[in-house]
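The feature domain 'HTTM-like' is assigned by TrEMBL to 39-297. Per TrEMBL, the feature transmembrane segment maps to 99-131, 143-159, 180-198, 234-254, 266-292.
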Amino acid sequence: MTSSTPIQENSKAKCSNQLNLKHLNHLDGWMRKVMEFLYHPIDPSSLGITRILYGFLMIVDTTQERGMEKIPYKYKDPEACFFPLFNILTPLSADWMHVVYLSMIIAAFCICIGFCYRFVTIWLAVCYWYVFLLDKTTWNNHSYLFGLFALFFSFTKANRWCSVDGKLDQSIRNTHIPRWHLALFQFQIFLVYFYAGIKKLDPDWITGNSMVSLEAHWVFSLFHYVLTPEQVNLYIVHYGGFAFDLMEGFLLFFDITRPIGLLLGFYFHFSNACMFTIGIFPYAMLATLPIFCRPDWPKRLLVKTPQRWQRHFIIDAPKNYSSSDCIAVNSAKLGIRRFTKKNKFTLFALSCYIAIQLFLPFSHNVTKGYTGWDDHGLYGYSWDMMVHTWATQHVKITVVDLSNGRQFHLKPSVCYKYADRWNSHPDMIKQYATCIGRRVKKLGVKQPAVYFDIWKSMNRRFKQRTVDPSVDVLAAPWSPFTKTPWMMPLLKDFTWWRSKMVELDEKLLNDSITLSTNYVADFPGFTLENFVPEVYRVNLTVLQGTVRISVGQKGHNIDANQTAILPNNRTHEVRVVSKEPASYYYLFSNITMEKMIDQELNKINSTEETAKNGTTTYLKSIKKKLTPIYRFIYLKGLLYYHIGNNTINALSNILRNCNCDQNLLPTNKP
């Protein structure tokens, strides 16, 4: 063995210290570059425009998509069922919920004009997240995004341009803001696009089975000249949507490709506004497109307007480094000359936020108790927009009193009728069972057990049950971090039948409006109970496996490719008796509709209707085209009338109760 001399040990220690010092200097230089990027001063006008548009859109969102018109009915009964993220969250009374919503509208208006900015942004964020977390049935990606924006505005200084605060306090008017204030919004919008593209790598999207019947919409009319409807669905709707989401963030990020990104973004979001009823989301995304432009783009645009308009806005550049929270270069008075603990904490907080946002869309691998029966991502913040199309066949709720064996059925909407999303996720099914159990106990059911039989189809697959109907969900286990055992798996082995189902429909229906099909798949040993109305003639044909059909006491087995005629106005049962899952379809023929069509055909043959006056016919056509516009204006006016009337009544009730409480206070008589 060899031993080191003291001189060698000192030399090694000296070299080690030099390497560590060099590493620390390199790390300090890297962090300083990041901090200089985040705190670089930029023009406040771009963020100011975003603030104005966000405030205006949140007024519309609060009154419509947040369901303000439903408050008198939704929160009327304190014993009603709700689906909060945390069970400790409970709704206020209907009157006070009106106050919460009204305060959100006032806060959104103040954000729009930039008045009392810091207070109203925090208040809007608190109220919005309270309403959002209170009801998971209303969760979707864009509602979550609006909540994130509310948090962003509460931490940034978006009132530095075109705001009432700037008028009242000249020291903040048209001053620089740190770059991270705008970069935070840019990161979030980029992530929305990019992750939406990643989620569209789902096999159902790539094969063109996620979106149904969109190819016939007029927004794709130009493509119909060169492509078939099937090609429009696959290449434009699915492949085009995937490519747009994946690339849009990059197109907007770079100056050379930004005009293409703005053009494609405008077409994409305008098309979404025309095709889907998704609230203000398309308009909010349109409003965020210019975020990626230069920070002073509003001023550059205003400079080109007439002189009489320019005097109403600030179009001058901010004074050099006119903010104390930006990096100071060549400035002796204002700006950051040395990064403080506050600046480093901001960097740490931003890093944590970025890490959380990168993780959340894939967190369903951890929070397995919240995932749907199809084992896909969390609802609300997974950015898997439009990847899944759902169709519900029926929902059956059975309550059994275990103390005496009494059994009765409930309507699915008996305790909650404002949304049906609860029946797609195990956490909300469990919450609904708990609420039903609590309510039926008050009706005399001593020991309730609650069973669900829910049938759904995802992306044009067979309709199948999603919950084990033999499990008492009220007593069944549920955990946020483990897979729910009483949720049935997706029958993926039947996915290949989708193309065959399309061929069968073309063969069986032949564009007839009196015929319809219903494709069903079920697990071995399970039974489907179904009732055939009197107006239908129904056949059942087995595609795969073996089933036993029972009507009353009689029953017989049917194998693949065999057909059975089912009696109408009777209940029948279909039980899978094969060892593997079975699939079959119903063919319905509407007898009443057939008779009506025959009568109409006879009328057409016996009478000949012609237009006597061409001008009158033209005016009628114009009126027909304008009718949807009149209807839209009328319904929106009626909506806001009811919202205003209900809010005034709620405030009157609160004031009346306050006066009553004051009258009940003891008074000292002289």
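One is the number of the first residue shown, and numbering goes on along the chain from there.
Every residue gets a Cβ built from N, Cα and C, even glycine.
Keep in mind that what you see is a predicted model, and the values were worked out from it rather than measured.
With pairs at least 6 apart in sequence, the transmembrane segment (180-198) and the transmembrane segment (266-292) have 3 or more Cβ pairs within the 8 Å limit; the two touch. Note on the transmembrane segment (180-198): residues 38-39, 42, 46-47, 50, 141, 145, 148-149, 152, 156-158, 242-249, 252-253, 285, 288, 291-292, 295, 346, 350, 354, 357-358, 361, 382-385 of its chain, located 6 or more positions outside it, place their CB under 8 angstroms from a CB of the stretch. Here the transmembrane segment (99-131) has long-range neighbours at 48, 51-52, 54-56, 58-59, 62-63, 66, 68, 71, 89, 92, 146-147, 150-151, 153-154, 158-159, 162-166, 647, 650-651, 654, meaning same-chain residues at least 6 beyond its ends whose C-beta is under 8 angstroms from one of its own. Predicted-model confidence for the domain 'HTTM-like' (39-297) is 92, expressed as mean pLDDT.
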